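Asks: Taken from Swiss-Prot, the feature transmembrane segment covers 17-37, 61-81, 86-106, 123-143, 148-168, 185-205, 215-235, 272-292, and the record attributes it to sequence analysis. Residues or ranges marked as N-linked glycosylation site by Swiss-Prot: Asn53. The zinc finger feature in Swiss-Prot is assigned to 335-373; the stated evidence is sequence analysis. Taken from Swiss-Prot, the feature domain 'CUE' applies to 432-474.
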Amino acid sequence: MGVVNLLSRSSFPSVDSYLALSVLVAIVASVTVFTTFRSQPELQKLIEEELRNNTRLSSAYGLNIEALSGHTFFQIAHYILSDTTLIWVAINSYFAILAVCTRLIIKLTFKELARQEENVARQAFFCYVLLTIVYLSVVIGPQKGHRVMPWMIWGGICAFLSHLQFITCQRLKHISPSCDRGSQKISFLSLFLFFVSIAMTFLISRFQHHLTWQPAVLLYFDCLLAVFRSTYILFRCISSSRVFSFNPDSVRHFNYWLELITNFVCELIQMLSFAQLLAFSPGLNLTSIFFLYHMKLTYNCMTEQLSRHRNHKKIFEHIERSYPSVKCANGDDRCVVCWELLGTSRRLPCSHQFHDWCLMWWLAQDSSCPTCRCTIPSPQDQIRQPPEVGNSTRLRFNGGSFGFVHFPAFTLEVAANFGPFFGRAAEPTEEQLQTMLEQVREMFPQMSVDIIMTDLRQSGSAQSTIENILEGRIGMNASFMPGGVLDDELSDESENEIEYEEPAEIVQEPDNGRQRTWTKLSSSSGDEDLSYYEIQRAKMIETYRRKYLESDKAADLRAMGITE
């Protein structure tokens, strides 16, 4: 969606500017209405007579018009709803109130959103707004004007719920059973979303006799989506609590199946909703193409989820078959993927241990050990097939004559992919870039989003960006740091965190204006007294020091005779 990507990347319209403009318009409209009522007393009597003669409100909703027609508030509401301009001001004020409530709830629950979460939420919100506009063009098209406002109110409630649900689902991906302090607010928010979804369903069941069956089915589709998503959030909060932290493998298994079933059911409901809108749209027009396109998107999402599930199943079977399940000897050791206590884990050939599900998610992205980057066999190597090159369509014309003109026979071959012809591959879309960005951020949360996105646009692959980070070509790296900062930091880390039985070898530079001292691993150090993490950290420090000394920035050190 080019329009959605353009709006989501631009700084306008921002929420602050929209709220300021809405407050200004609401103040001007309120002053105008109250001035009109004060300057024209006969207007109140006219509206009162009009309300008493309006039998539609009393018959449809059972309101006591005789008692309500004398109240000034009810008269002002009727005056606003009867005016074409003021009714849109009222609807816009309603949307502004929902936006303020959404921001307050997000502020109280999550405090501040990450930049990536804000961008993804902004793009999802604009997608929902575009879908709602097309949705209303089909639903409200053949109906009268007084039916517009209920549909707009319903669309605002659905947008309010879907935005909170989307942000909560994004945050729940990073919730761990170890952090129970921040998850309490998310639990209260999940209960609020669940009860609002149930209230929406109850409200539609009460007023469905005022609607025909086609709009009622569409409203029930919205209710089902809200209920399924709220139920998913509620169960995720329950499973992430400390009550079930004693069995993390069962919790991960439950969360995986819960997310898979919820996503599949929600995509199916959305596809059925688009199919109904396509069936009852007024003729074949652009909206029909729009609904067909989104039906194809939802179908592709469902097939991708099933394909991803089959791949995960193969990887999990490979893990259970190839790597033994062991009990961690040290109760304080943690998995380097999720940073939870190891407990029962899987041991790789390089002797590193990880949880079953952590190892499965890792092998789905990379066929190497998360700690030492040692290559390990994975079924993903067989699943990943190189893209077929050379797919083409061949058109054959046998020739012929038209009057006195003779056309020779020729063959036209059209290639399916013009990327190699122009010397470059197809650039990834924004959706693919966001997916790859999430994969890289799961492994390197400390990295800046801008740095990762810049490298992804150049490499076009999450695997290439991960290798660039690990090999030090981007990010906070030794080869990009000044010499003084690097030496001082490595000296502090070596002296504070690594202790050896024997004295460490101290290397000093000659007296040429500066003097540096750093700690180096001794060949006779007692590694048995150090933890595995400390040993690997010391090796990593030596590796990066060696890389720095081999770089161009260390030419002055090599000239002094310092080569290791």
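Every residue number used here counts from 1 along the chain in the order it is shown.
Positions of Cβ are set from backbone N, Cα and C atoms, glycine also.
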Asks: Apart from its near flanks, which chain residues at least 6 from the ends of the transmembrane segment (86-106) lie with a Cβ under 8 angstroms of it?
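Replies: Sequence-distant neighbours of the transmembrane segment (86-106): 15, 18-19, 22-23, 25-26, 29, 33, 79-80, 113, 149, 152-153, 156-157, 159-160, 163-164, 167, 189.
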Asks: Out of 17-37, 148-168, 272-292, which stretch touches the transmembrane segment (185-205) the most, going by CB pairs under 8 Å?
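Replies: Of the candidates 17-37, 148-168, 272-292, 148-168 scores highest.
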Asks: In the three-state scheme derived from DSSP, which category covers Asn53 (N-linked glycosylation site)?
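Replies: For Asn53 (N-linked glycosylation site) - judged by DSSP and reduced to three states - the answer is coil.
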Asks: What is the number of residues in the domain 'CUE' (432-474) that are helix, strand and coil, as DSSP sees it?
Replies: 32 helix, 0 strand, 11 coil
Asks: With helix taken as DSSP H, G or I, strand as E or B and everything else coil, how many residues of the zinc finger (335-373) land in each class?
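Replies: Output for the zinc finger (335-373) reads 8 helix, 8 strand, 23 coil.
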Asks: Around Asn53 (N-linked glycosylation site), how many other CB atoms lie within 10 A of its CB?
Replies: 9
